[in-house]
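Novice: First, the structure itself, so that you have it in front of you.
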Amino acid sequence: MRLLDSVTKEKIKLDKKDISIYLCGPTVYDDAHLGHARSSVCFDLLRRVLLAQGNRVKFARNYTDIDDKILKKMTQSGQTLEEITEFYIKSYEEDMRALNVLDPDFKPRATHYITAMLDLIKKLAKDGFVYTLEDGIYFDTSKDEKYLSLSNRNLEENISRLSNEVQKRNESDFVLWKFDENFYENEFGKGRPGWHTECVAMIDSIFENTLDIHAGGIDLLFPHHENEAAQCRCGCKRKLANIWLHNGFVKIDGEKMSKSLNNSFFIKDALKEFMGEALRFYLLSSHYRSHFNYSLSDLENAKKRLDKFYRLKKRLDLGEISDFDVLNDIEIKSEIAKQILEILNDDLNVSKALALLDDFISSANLELDKESKNKILKQNIKEALSELAKIFGFGFMDTTLYFQWGVSKEEREEIEKLILERTEAKKNKDFNTADAIREQLNSKKITLLDTPNGTIWEKINA
């Protein structure tokens, strides 16, 4: 696999068997938006590709569960820190399951690594990288000769993103420990960690060595990832990661989607209108490094492309596909899956991979038209679809449930009742009533398909 490193702007070959990946996760003070979803889905695809080709992957995605935004939420809501963070961690994980994002091997929470953070600050203090102000302990960026080597920018370009509310030695200096009487007792003074320190301590505790891949949104490159790299370089005496990957923004009306800009489109809102697999397909439909503007029509088109996958699956009577063995050894046998893996090995070229998937579905349907009773052909296509589902992370649902998605329990009961009435009318040769029921259901965007095994129904989405 070759991946474009955000730092060197060059494709770096990843030819190890064992791969370590750390993905910066959410700050858990509110529901997750599509920007969070895109980061998780893009790097879940990376993980799936590595697993599918036999790599052993150690994957961590953290939770920032102590932060100024969470404290503000505490003040507004009257809830405790634990009540807020537990609620939104559960909410986030529900969203990830809906998007078929594999559960990480490690899900560290910042509050569980306070001792590790303090140990890191001690190392930095011992070597003269810190100083103390009235509100906390700061990292002196002027002492790090390689500071800004990650983002490769002049500091002047980034000043607008930095806070200088206190008299720091340098505008780029950042807080390691914030004094706060309400939190952790230690030799530096009661307080809580700075955001940039949290990730370094968690990475050091879990992985101990230089990461193969550090991933996150492009907005984290500076200052967050720059400051992480500085602490690891100066405190742990090693490079934090060999490859840095950053996904592009999700935009709404040309603006970056952000909770702070109050233009977030929450995952839960999207899931009310579209199933998780359709949303996943949409979020994967452009290259992970590119920005894309949220568009309802593009999301609808992604759903139509996914429909074609399920139409072929339904034609083969292929039921629910298990996602379980993707985390174990899965053997890729089909030629199409091997071709798609080869494409995705080039910096996750997902647009090209999905185009090849579209071509495969069209070709498979043509072959089935010619040889509808060829059992070997059907079995080969079934195996290919199963392998492709595990690589892309969609296509697992039972086809009947897929095409009935979005119908409430009450609506389902009414539909089934009308189908029984129609079946009885047909038995009694009352075709006018049978046709009237079909038209009644069609007006409610329900289409009927009469088969040798009875009548089945689907929801019409267009």
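Cβ atoms here come from the backbone N, Cα and C positions, even for glycine.
Owing to the predicted nature of the structure, the values given are computational and were not obtained by experimental measurement.
Features from Swiss-Prot:
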type: BINDING; residues: C24, C199, H224, E228; note: Zn(2+) binding site
type: MOTIF; residues: 26-36; note: motif ''HIGH' region'
type: MOTIF; residues: 256-260; note: motif ''KMSKS' region'
type: BINDING; residues: K259; note: ATP binding site
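What's the neighbourhood like for each of these?
Specialist: Sequence-distant neighbours of E228 (Zn(2+) binding site): residues of the same chain at least 6 apart with a C-beta under 8 Å from its C-beta are H196, C199, V200, I203, H214, L240. Following the DSSP three-state reduction, the secondary structure of E228 (Zn(2+) binding site) is helix.
Within the chain, the motif ''HIGH' region' (26-36) has long-range Cβ neighbours (under 8 A, six or more residues past its boundaries) at 63-65, 67, 69-70, 72-73, 84-85, 88-89, 91-92, 95, 217, 249-250, 256-259, 264-268, 270, 283, 294.
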Novice: Run through the Cβ atoms and count how many others sit within 10 Å of the one on C199 (Zn(2+) binding site).
Specialist: 29
Novice: Can you tell me how many other Cβ atoms are located within 10 Å of the Cβ belonging to H224 (Zn(2+) binding site)?
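Specialist: The Cβ of H224 (Zn(2+) binding site) has 17 Cβ neighbours within 10 Å.
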Novice: Can you see whether DSSP assigns C24 (Zn(2+) binding site) to helix, strand or coil?
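Specialist: The residue in question, C24 (Zn(2+) binding site), is coil (DSSP, three-state).
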Novice: Around C24 (Zn(2+) binding site), how many other CB atoms lie within 10 A of its CB?
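Specialist: By my count, 21.
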Novice: Could you please provide the mean pLDDT value for the motif ''KMSKS' region' (256-260)?
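Specialist: Across the motif ''KMSKS' region' (256-260), the average pLDDT comes out at 63.
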Novice: Starting from the Cβ centroid of C24, C199, H224, E228, the recorded Zn(2+) site, name every other residue in that chain with its Cβ within 8 Å, sequence order please.
Specialist: W195, H196, E198, V200, H214, G216, L220, H225, N227
